[in-house]
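Down below is the structure, laid out as structure tokens.
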Ligand SMILES: N[C@@H](CCC[C@H](N)C(=O)O)C(=O)O
């Protein structure tokens, strides 16, 4: 079968995505091999994931997210921010928007190249002796380390991701070093990419909330340094313990756009 596709490539703090305008619903959404091929860094375009933008009756657009393994997955925070920039490029929105994703309704704001995305409320944070687990649209295991630069993210992350604790779905795994009360360094092993990525938006969000819940910080606006740049996460914890007004902010940029013909 031959597929002729127009695509744009975007990145948000180095978490990179192939973006396709699927408002005409022509993309073969069940073709896992095609998505994995397009995300392949050697044989395809290359990306940590692929995102389709589609029409939605109640919001500005719909986000459909696939990991680079070709499977549709849960929410991608950086992907959501990049999709907002893509929607603007397509003249679907101006500087504010709402969209629907697999985890529900999101609002976003564009200010120059900084995209601020409202994430879902978080009502459950599981604090354990050596780790914290929470879901910010995607599942995240979080561990503190003293020297994140020299941490073996791939092997440690993979072991936790595939451990019985998270079977069968697995989890993303974040390693965190505290620099100050409002500055943390984070590296993430991503499920579905099955490697460390340069940044994970739902992961950065989960880390900020976990640091507050564990009283490692009392700040509710936190800078998260990731290998691909800087993200900022802010939130409010309400009187019944729910984290709301959770905002993930950072840059999202178009890298290039082109056409590709794939024979599979
Ligand atoms: N890169 C993402 C997370 C994407 C989803 C994740 N790989 C999963 O399957 O859970 C982000 O920026 O949030």
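Backbone N, Cα and C atoms are what each Cβ position is placed from, and that goes for glycine too.
Those TrEMBL annotations? Automatic predictions, nothing curated.
Lifted from TrEMBL, the feature list:
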BINDING   15, 67, 77, 78, 172, 190, 191, 201, 202  substrate binding site
ACT_SITE  76  active site, proton donor
ACT_SITE  76  active site
ACT_SITE  200  active site, proton acceptor
Quiz item: Do any of 172, 191, 200, 202 (recorded positions) have a CA within 10 A of the residue listed as 'active site, proton donor', and if so which?
Solution: 200, 202
Quiz item: Which one of these active-site residues, 76, 200, has the sparsest Cβ neighbourhood, judged by other Cβ atoms within 10 angstroms?
Solution: 76
Quiz item: Taking 15, 67, 77, 78, 172, 190, 191, 201, 202 as the record's substrate-binding set, what's the max Cα pairwise distance in Å, rounded to a whole number?
Solution: 15
Quiz item: Cβ within 8 Å of the substrate site's Cβ centroid: which residues qualify beyond 15, 67, 77, 78, 172, 190, 191, 201, 202?
Solution: 48, 49, 76, 79, 138, 188, 193, 197, 199, 200, 203
Practice problem: Between the Cα atoms of residue 200 (active site, proton acceptor) and residue 15 (substrate binding site), find the distance and write it as a whole number of Å. | Solution: 7
Quiz item: In DSSP terms, helix, strand or coil for residue 172 (substrate binding site)?
Solution: strand
Quiz item: What are the non-local neighbours of residue 15 (substrate binding site), defined as same-chain residues 6+ apart in sequence with CB under 8 A from its CB?
Solution: 48, 49, 76, 78, 79, 82, 197, 198, 199, 200, 201, 228
Self-check item: DSSP three-state assignment for residue 15 (substrate binding site)
Solution: strand
